[in-house]
Amino acid sequence: PPDGGWGWVVVFGAFISIGFAYAFPKGLAIFFKEIQDFFGTSYSEIAWVSSIMLATTYGAGPISSILVNRYGSRPVVMFGGLLCGIGMVSAAFCTSILQLYICVGFITGFGLALNLQPSVIIIGKYFLKRRPIANGLAMAGSPVMLCTLAPLNQFLFDNFGWRGSFLILGAILLNCCVAGALFRPIGAATASGKTQAIAEGKTALKEDITKDAMEMSSAMNIPTETKTEEEEGRDCCEKINQYLDFSLFKHRGFLIYLIGNVLMFLGFFAPIVFLAPYAKHIGIDEYSAAFLLSILAIVDMIARPATGIIANSKWVRPRIQYFFSFSIAFNGTCHLLCPLASGYTGLVVYSIFFGLAFGMVCAMLFETLMDLVGAARFTSAVGLVTIAECCTILLGPPIGGTLIDTFGDYKYMFIKCGAVMVLAGTFLFIMNYYNYRILAKEEKERKAKEDPKSLRTENEVRNNWNKETTQDGPELEPLREEQEGLKKEVNGT
C-alpha cells in the first residue's frame, strides 16, 4: 500500500460516506417526538425507525462485501448514495409509520450499508503502517456529521416541517455519490509491465497444460464434461467462499471479537437515540436538547483521531485488543452514571464523557478486526461480523423504548445499556488475555520445532561448501570464481 498520496483523498471520501452512515440514523432522533405525535405512536414504535435503519446498514454487510469484491468500492458507494436520496425523498410522502419503516429503515439503511463497508475496506488497501491513523480520521466523519446534522435538522424542522426536512436531507445524502467518485481503484490497474508479462506467461502455461490434459483424457476415453453432484456442490461452495470466507468461524480471535461485539451492540446505540428525547422529557427546550448531540459529536470528533494516534503507538498497537476492551467498559460506565445527572449541566457532563467513550470505541471498531484477521481476509470478516451484529442492533433501541413505556422513566434504559456494555468489555478483556497467551505458546512451540532444523541445515551447507573449496586444487580456480560470480548474481536477484 502507498501509505499516503491519493490515499489521503480516499480518506476524505471515506470521512464523508462513513460520517453519513453512522451519524444519519442518530440525527433523525430530532424528529422523533414530532413524528410520534403526528402518527400517535409509542416510544418503542418510533424507535423502530432508527433501529431498522441501523440493522439494515449492518445486516446488508455481506451483500456490500460481495459487491465490493465483484465491482470495486467506487460504483458501490455511488449506487448507495443514490439509494439514500431515493429513500429519504420517498419518506417525505409517507402516510403511516409502516411506510416510514420501509422508506427510511430499509431503503435508506441499505444505501448507507453500501457506503459504510466499501469505505472501510478501501482504507485497508491504501494504508498499512499508518492504517490506525487513517481509520481514526475517516471515523471522525461520524461526529462531524452528527455535530452538523443535529442543529441543522432542528432548523429544517422549524422552517419546513418534518416532510420538507426529509426532502432536503434526501438531496444532501446524494453527496455520498461524490465521495464514492474519489475512491480510485488500486491494485490490478497499477500493475507493472513485468507483472502483466508474468501473468500472461502463466496463462499460456495453463492453456498448454489444459490442452495436454484434454488430449490424454480423450486418448483414454475418459469423459471430462460430466461432473458428479459432489463436484458441482464443491464448486458452488468455492464460489461462495470466494466472496465470503466462512473459514473465519474457525479463527479463535475472530470468534472472540464477534461474541463481544454482538453483546456490546445491544446497548451501544439506544442512549444516543434517546438522548435528545430524554432532554425534552425533563423540560429542556428543543435547541438545547439538540445541542447535547452537538457537544457529544464535538468531543467524539477530537477523540477519534486522538485514539487512532494512541493506538498506532509502539506501546498500544501490539496489545490493541486490551485498549478496545477498556473503551467498551468505559462507555458502559458512563451510561450507568447517567441517571445521577439531574438538570442540563449534568447532561452536558454526561455528553462530554459519552462522546469521549463513543469515539474511542468507533475509532478502533474495524482496526481491531483487521489486526486479528489481516487485510487479506478483512473484506469477508466485515461482512460476516455486520450480519451477526444486526440482530442486537435491531433490538437495542426498541428494548430501550419498551423500558421507557413500561416504567415511564428513562433511567432504566440507561442502566440496561450500561450493564450490557460493561459485561461485553469485561468478556473481551478476559478472552483476549487468554487468546494472547495461547498465541504466545503456539509461537514458542513453532520456533522450538523449526529453529534447530533450519540451523542444522544451514551449518551443513556451509561446512560442505568449505570442505569442497579446501579439497579442490588450483586447476579448479577459474570454475570457483565463476561459481562465486553466479552466487552473487542470484543473491542480487
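For all residues, glycine too, the Cβ spot is worked out from N, Cα and C.
What TrEMBL says about a protein is an automatic prediction, not a curated fact.
Copied over from TrEMBL:
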- 462-472: compositional bias 'Polar residues' (COMPBIAS)
- 7-436: domain 'Major facilitator superfamily (MFS) profile' (DOMAIN)
- 444-493: region 'Disordered' (REGION)
- 6-25: transmembrane segment (TRANSMEM)
- 46-67: transmembrane segment (TRANSMEM)
- 79-112: transmembrane segment (TRANSMEM)
- 133-152: transmembrane segment (TRANSMEM)
- 164-183: transmembrane segment (TRANSMEM)
- 254-275: transmembrane segment (TRANSMEM)
- 287-310: transmembrane segment (TRANSMEM)
- 322-342: transmembrane segment (TRANSMEM)
- 348-366: transmembrane segment (TRANSMEM)
- 378-400: transmembrane segment (TRANSMEM)
- 412-434: transmembrane segment (TRANSMEM)
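As a quick check, the transmembrane segment (322-342) and the transmembrane segment (412-434) clear the bar of 3 or more Cβ pairs under 8 A, pairs 6 or more apart, so the two touch. Contacts between the transmembrane segment (6-25) and the transmembrane segment (378-400): absent, as fewer than 3 C-beta pairs lie under 8 angstroms at sequence separation of six or more.
The transmembrane segment (133-152) shares more Cβ pairs under 8 Å with 287-310 than with any other stretch in the list 46-67, 79-112, 254-275, 287-310. Ranked by number of Cβ pairs under 8 Å to the transmembrane segment (164-183), the listed stretches 46-67, 79-112, 378-400 are led by 79-112. Across the domain 'Major facilitator superfamily (MFS) profile' (7-436), the prediction's mean pLDDT works out to 79. Listed as Cβ neighbours of the transmembrane segment (79-112) (distance under 8 Å, sequence separation of 6 or more from its ends, same chain) are residues 17, 20-21, 24-25, 28, 35, 39, 41, 45-46, 48-49, 51-57, 60, 118, 163-164, 166-167, 169-171, 173-180.
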